[in-house]
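Scroll down for the structure; my scribbles are underneath it.
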Amino acid sequence: MLQMPSKQPISAGIVIVAAGRGERAGSSKEGPKQYRMIGGKPVIVHTLENFMTWEAATEIVVVIHPDDEALFARAFRHIISATPIETVHGGATRQQSVLAGLRYLKDKQISHVLIHDAVRPFFDHALLDRIAESLDAGAQAVLPAIPVTDTLKRADNAGTVLTTVSREHLYAAQTPQSFAFETILEAHEKAAASGRSDFTDDASIAEWLGIPVTIVEGTADNVKLTVKDDIAMADDKLSASLLPDVRTGNGYDVHQLVAGDGVTLCGVFIPHDQKLKGHSDADVALHALTDALLATCGAGDIGDHFPPSDPQWKGAASRIFIEHAARIVRERGGTIMNADVSLIAEAPKVGPHRDAMRAKLSDYLGIDIERCSVKATTNETIGFVGRREGIAAIATATVVYRGRK
């Protein structure tokens, strides 16, 4: 059933399809391609940030694979959003995943919906505004597309060219594909009920039901990241598009050693015959790194945010402090590029625990473990560290803030 043309500015729900496995992009320890890092952030974060800052977006639902809960949670640490963002699990096909997202939005107060591939991070607000104008003018289905410019050949199974195909009236479809909400929900429900699962995009489902699809001008940059080389080119593109605002922050901390059963360093507990004395868990490494992160944006130091005189922080895990500092950095437009911690202690030995410490830093900061460094040295029995009266830590954080085009 077709809706009447909209008379009010659109209220848009956003469905971001992110349940694919991305097998053509090859395997990676970062997971499927929507979670690969480009420009210091996962692909899906760049996509989300574009929608989060678009004023017509009122609800965002990300359709993820059931196995990707942890990957999305890790990526989500990069995101500061005033627009509600929820997740639902997708199905075995893109079509099933889109329907899951649409069903989630069914009870939301939205007039229209934009359905977008998570691995298309390079769309802009000008494109979204063109789509909104077309929807607001009464279009039931809007497809961003660009004219085909390559010469097209049809070949047989052996790879022999049979004919050259005319490019006239041919367009390459993009996303976000956008619709009056009830129209596309009904279309997807009918497709599911009929057993049809061979549609390659949402506009095809609208066409199947005879719903007119209006083309608006797409952009050449709005490409889908499909293979491994696409990811590398996207990373290069982002790196080259901005004049970077690179900042380095340093932090230093020291805690006294007293009799005990172990120390916590970089979030890892190490059995020992002493412990670190402090108001919180006394993780000297995380305290130094917290100060280093705060220094990159002039946000004071750990004592300003978590005063030792405040009883609520007594015995607190220092993970709270480091994640708070990382969140402030991201709120101010920063991307954490590197974290380096040097521990100065006679004992315990750090070497056997270094990889576990790096893994903790990677988890707390939401960055690749290769960007996390932990080193240790002794003080050659000199001074309070040499006398095993305390442990010191020096930390350096490198953060890139949003530059200028």
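Even glycines carry a Cβ here, placed using N, Cα and C.
Copied over from Swiss-Prot:
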BINDING   Asp253, His255, His287  divalent metal cation binding site
BINDING   Asp253, Val254, His255, His279, Ser280, Asp301, Ile302, Gly303, Thr377, Thr378, Asn379, Glu380, Phe384, Arg387  4-CDP-2-C-methyl-D-erythritol 2-phosphate binding site
REGION    1-246  region '2-C-methyl-D-erythritol 4-phosphate cytidylyltransferase'
SITE      Arg24  site 'Transition state stabilizer'
SITE      Lys33  site 'Transition state stabilizer'
SITE      Arg167  site 'Positions MEP for the nucleophilic attack'
SITE      Lys224  site 'Positions MEP for the nucleophilic attack'
SITE      His279  site 'Transition state stabilizer'
SITE      Thr378  site 'Transition state stabilizer'
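Distribution of Swiss-Prot features across the structure.
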residue : record                                                 : DSSP (3 states)
Arg167  : site 'Positions MEP for the nucleophilic attack'       : coil
Lys224  : site 'Positions MEP for the nucleophilic attack'       : coil
His279  : site 'Transition state stabilizer'                     : coil
His287  : divalent metal cation binding site                     : helix
Ile302  : 4-CDP-2-C-methyl-D-erythritol 2-phosphate binding site : helix
Thr377  : 4-CDP-2-C-methyl-D-erythritol 2-phosphate binding site : strand
Phe384  : 4-CDP-2-C-methyl-D-erythritol 2-phosphate binding site : helix
If you count other Cβ atoms within 10 Å of each one's Cβ, which of the recorded positions Arg167, Lys224, His255, His279 has the most? His255
Taking the Cα atoms as reference points, how far is Asp253 (divalent metal cation binding site) from Thr378 (site 'Transition state stabilizer') in Å? 16
Using the Cβ centroid of Asp253, His255, His287 as the reference point for the divalent metal cation site, which residues of the same chain not in that list have Cβ within 8 Å? Val254, Leu276, Gly278, Ala282, Asp283, Val284, Ala285, Leu286, Ala288, Ala392, Ala393
As a whole number of Å, the Cα atom of Thr377 (4-CDP-2-C-methyl-D-erythritol 2-phosphate binding site) is distant from the Cα atom of His279 (site 'Transition state stabilizer') by 25
Within the chain of His287 (divalent metal cation binding site), which residues six or more apart in sequence place their C-beta under 8 angstroms from its C-beta? Gly251, Asp253, His255, Ile302, Ser318, Phe321, Ala393
